[in-house]
Amino acid sequence: MGVMLLWFGWYGFNCVSTLSLAGTKADIMAKVAVNLTLSACTGGISTVLLTFWAHKVWDIEAGNNGILAGCVAVTGCCCVIEPAPAIALGFLGSVVYLSVAKLVALAQIDDAVDAVPVHFGCGLLGTIAPGFFASPTGAKMFYNSDSCGVLYGCSLSGKQLGAQLVYALAVFGFVVFCVGAIFLVLKKFGLARVSAEAEAMGLDAFEHGGSAYTNDADQGDSYMETKSPLGVAP
């Protein structure tokens, strides 16, 4: 239910970013909705199939995050790409999500909802994606630009990819600086993490006296923490 609410809300988030229905904006809004749908569906299906291929388990929980991975991956470029690249981004978002989730688990970072792989990993993918997938038609229609992604080979494609990489690095640096400063202050005052007792017990049990999921007590950590679809072992 939560994923469906997020997915539905994403149409408002992406489509309304056109800020208007005048002129070609209505056509752009329609294309944005189509690209979002294709990427989200591909991300969810790909994640379910990849986890089944690797572990012989139909993991709907991972599939839900795969849907969100597809949404995130296409958000930064949904107005300038065509439907086929949107499908490709859904699949790439699935691979990035599963791979980064494994790296986060190996690093022993507590990320209960897979926010890092979904929003950082797939967000980075979506930021760089226009440098590869932006179509000349899409760039012209929305930005009145003659640029395009390198896969289309226009004269400005290399500059577009470079601009996307610089932008991604700038955002990454800004976020690391701001968040790093905040967490240093929290760490200084002992507020950066819960107690060892709460961590060992689990916050659901420690704070609320129960588990959010039935498999918490019976099965322990998810299989995604022991193996990834790409064959990375801890």
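Keep in mind that glycine also has a Cβ here, set from the backbone N, Cα and C atoms.
Summarising the annotation, TrEMBL assigns domain 'Ammonium transporter AmtB-like' to 1-213. In the predicted structure, the domain 'Ammonium transporter AmtB-like' (1-213) carries a mean pLDDT of 93.
Per TrEMBL, transmembrane segment is recorded for 6-24 (among others).
Annotation source TrEMBL lists transmembrane segment at 36-55 (among others). Long-range neighbours of the transmembrane segment (36-55) within the same chain, counting only residues 6 or more positions beyond its ends whose Cβ lies under 8 Å from a Cβ of the stretch, are 7, 10-11, 14-15, 62-71, 73-75, 78, 83, 86-87, 89-91, 93-95, 97-98, 223-224, 227-229, 231.
Per TrEMBL, the feature transmembrane segment maps to 67-100 (among others).
Taken from TrEMBL, the feature transmembrane segment applies to 112-133 (among others).
Sequence-distant neighbours of the transmembrane segment (165-186) (same chain, 6+ residues past either end, Cβ-Cβ under 8 Å): 124, 127-128, 131, 192. Among the features that TrEMBL reports, transmembrane segment is placed at 165-186 (among others).
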